[in-house]
Amino acid sequence: TNSVGVIVGMDLRSNENNRAHRTREMDRERLIVRRGQPFSISLQMSDTLPPKHQLAVVLHLGARDEVVVKVQAGRGAGDRWWFSQQAVQSEMLLTLHSPADALIGQYRLAVLMMSPDGRILQKTGLHMFYLLFNPWCRDDAVYLPDESLLQEYIMNEDGIIYRGSWDEIVSLPWNFGQFEDHVVDICFEILDNSRAALRNSEMDTKSRSDPVYVSRTVSAMVNSNDDRGVLSGRWVEPYSDGVAPYRWTGSVPILRRWSESGARAVKYGQCWVFAGVACTVLRCLGIPTRCITNFSSAHDVDGNLSLDVLINEKLENMTGSGDSSWNYHCWVESWMRRDDLAAGYDGWQALDPTPQERSDGVYRCGPCPIKAIKEGELGVKYDAPFIFAEVNADIIHWIVQSDGRKRVDQNSVGRNISTKSVYGNFREDVTLQYKYPEGSQKERAIFEKAGRRVTHPTNGEAEPEKLQLSIRHAQPVFGTDFDVIVEVKNDGEQDATAQLTVLCLAVTYNSLHRGECQRRTTSITVPAHKAHREVLRLRYEQYAACVSEHHVIRVLALAESARHNEPVLESTNIELSVPELHIRISGKAFLHEEVTGVVSFTNPLPVQLRGGVFTVEGAGLLPATEIPVPGVLNPGEEVAVRFSIKPSRTGLRRLLIDFDSDKLKDVKGVATVLVHKRSRLSTMAQPHFQL
């Protein structure tokens with residue numbers, strides 16, 4: 001009998017497999033499965049398989065089939081691919097088993113029918129499927145044995161990135177959108193465009209079983225400094241040839257723009273944007289990931305664990321080195337085993353995609369076990385010294401006077417290290433996972449091990465007359481006038497005369513100076529055991545001209561007394577808050593049915609706003625959509641715009657909206673939408689008429 005052509009069709013059973021592999025949110029049409037977990041496909045047969053004939057399964061991986069896997073028939077060991085088969089009526093059900101360390105990627109699958117003497121009698125066409133990491137699988141290097149953590153760090157498409165300053169933390173809602181249409185394709189496109197992949201695609205493809213390798217590649221590819229990476233960083237205006245960093249509300253528009261432009265870098269990102277995009281890519285590939293914000297973050301260029309800030313008597317910065325302190329800095333942590341290191345370093349690994357320093361010649365950072373950071377083990381790869389400095393370096397201010405320089409104060413870095421809680425939209429503090437309690441014996445021991453000089457605070461008893469400075473302010477709103485109060489306290493037994501200099505500067509979140517808002521120098525006399533209060537009124541007209549899009553004003557106060565040798569310096573950052581947008585969704589939201597929303601906003605500034613634009617986006621709700629506001633918006637005037645959404649996925653969804661204009665930027669709003677599925681009954685019972 002002529003047995004050629006018994007297989008007449010193949011069904012990858014995407015819907016059922018994707019549900020079992022928790023990828024149904026990504027796609028229902030295409031097969032997307034996780035490694036170390038079986039999946040089944042069915043073959044339509046025109047006849048039973050002839051006696052002694054066998055089926056074989058072959059997988060191809062890589063742009064030019066660099067890897068070909070012959071799947072073994074019958075039960076195999078856990079370290080290789082195997083399949084079992086079962087005939088059911090006119091179908092043959094094949095169950096494929098992948099090892100827990102299989103290569104991730106886009107596979108092409110073919111089934112062959114072999115004659116008893118091993119000739120190929122029939123070969124099906126190639127069918128495509130994706131294989132991802134599997135944090136639910138005990139033997140996978142990214143295994144995370146806690147379902148509530150997996151729901152957050154793999155499955156949650158919405159998150160919060162923390163910004164602001166250590167004593168005034170602000171939440172930024174972020175749409176990760178890792179299950180949005182074709183994001184998974186873009187994630188593999190990112191891996192395929194890495195320098196290693198373009199240089200030697202076979203070696204690169206064969207390294208993709210290892211989350212350490214893949215996450216390090218992602219950390220390099222999210223920035224575009226050395227490669228065909230996703231985002232170009234820029235920390236000063238103008239941003240006119242791209243999108244300003246503060247305008248993004250999620251990762252998906254950035255990833256799509258990069259892919260559609262043929263792997264050309266998208267302009268522009270700053271640290272939270274780099275971290276948000278990296279988090280999307282890593283969650284999508286199946287590596288549990290979370291965004292981290294380190295407040296008072298040191299950028300220690302020369303690696304001496306000390307940032308020396310030189311200031312002259314006019315409070316002008318004279319620091320020459322590239323060292324700087326950032327109000328905050330964002331990176332990500334990914335969960336994985338570190339089989340490449342000695343025992344004890346599994347778990348959370350820090351990865352920083354913001355281009356700051358080269359690592360092995362490329363702008364990337366990590367993965368570095370946070371246990372190594374905490375224990376001061378700076379030889380552990382990758383990039384431990386840089387991350388250790390970000391959370392532990394010393395910031396020392398020196399006043400440069402005509403007779404030399406004097407040390408005036410010391411600030412700690414690495415405060416309130418934050419991530420979103422897995423239990424809701426609030427902050428979880430993870431500082432103690434990075435460092436021992438400040439001032440503890442253990443902390444000192446770690447500093448000594450890491451080679452940081454242990455600086456003892458000067459003994460307070462030596463100089464009881466030393467003046468004390470403090471700076472107080474209300475919680476000002478951008479657009480209003482407000483007071484800054486500098487208090488000079490004299491605890492000594494004698495009256496003190498001093499020169500007080502107060503400077504208000506506009507700065508960016510990474511400490512770039514944008515201009516002076518106000519400066520005052522006065523001679524003061526502070527009676528013994530009393531205090532002098534100096535009040536500065538900061539007016540909108542003064543600070544609006546120079547304040548950056550981050551709305552930060554840094555206040556520096558310096559008291560120099562002729563009698564006391566030591567000048568006293570105090571500084572603080574004031575975050576000017578902006579009002580939130582109000583969002584209203586009318587009625588219940590149903591899958592694939594249009595529902596209307598209204599976003600409104602009142603101009604809080606004493607000036608007109610022009611060029612207003614709202615951007616609306618939400619995973620499973622609608623892609624990023626811009627709605628321009630025509631004309632001008634007068635002071636105190638309200639604007640309301642309508643928009644419509646047609647949800648593509650059910651469940652609890654978040655809608656993020658951003659408003660920007662010429663004089664007011666980075667205004668955000670968020671609304672939660674519950675998307676229902678209409679039951680058949682309710683659809684029949686309620687005919688809806690379009691009016």
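Just so it is clear, glycine is given a Cβ too, placed from its N, Cα and C backbone atoms.
Quick look at what TrEMBL lists:
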DOMAIN    263-355  domain 'Transglutaminase-like'
ACT_SITE  Cys271  active site
ACT_SITE  His329  active site
ACT_SITE  Asp352  active site
BINDING   Asn392, Asp394, Glu438, Glu443  Ca(2+) binding site
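Taking every protein chain shown into account, Glu438, Glu443 are the binding-site residues, and of these the Cβ with the most other Cβ atoms within 10 Å belongs to Glu443. Of all the active-site residues in the record (Cys271, His329, Asp352), the one with the smallest CA separation from Glu438 (Ca(2+) binding site) is His329. Comparing His329 (active site) with Asn392 (Ca(2+) binding site), their Cα atoms are 14 Å apart once rounded. Checked against Asp352 (active site) by C-alpha proximity, the recorded positions Cys271, Asn392, Asp394, Glu443 yield Cys271 as the nearest.
Apart from Asn392, Asp394, Glu438, Glu443, the Ca(2+) site neighbourhood in this chain, defined by C-beta within 8 angstroms of the site C-beta centre, holds Ser412, Val413, Gly414, Lys435, Phe447, Arg452.
Cα to Cα, Asp394 (Ca(2+) binding site) and Cys271 (active site) are separated by 22 Å.
Taking the Cα atom of each, Glu443 (Ca(2+) binding site) and Cys271 (active site) are about 28 angstrom apart. Set side by side, the recorded positions Asp352, Asp394 differ in how many other CB atoms lie within 10 angstroms of their CB, and the most is found at Asp352. Taking a C-beta cut-off of under 8 angstroms and a sequence separation of 6 or more, Asn392 (Ca(2+) binding site) has the following same-chain neighbours: Ala298, Leu305, Val413, Gly414, Lys435, Phe447, Ala450, Arg452. Around Cys271 (active site), the C-beta neighbours below 8 angstroms that are at least 6 residues distant in the chain are Trp326, Tyr328, His329, Cys330, Trp331, Thr354, Asn510. Cβ neighbours within 10 Å of His329 (active site), excluding its own Cβ and spanning all shown chains: 27. Summarised as a single figure, the pLDDT of the domain 'Transglutaminase-like' (263-355) averages 92.
Under DSSP, residues within the domain 'Transglutaminase-like' (263-355) fall into helix, strand and coil as 15 helix, 41 strand, 37 coil.
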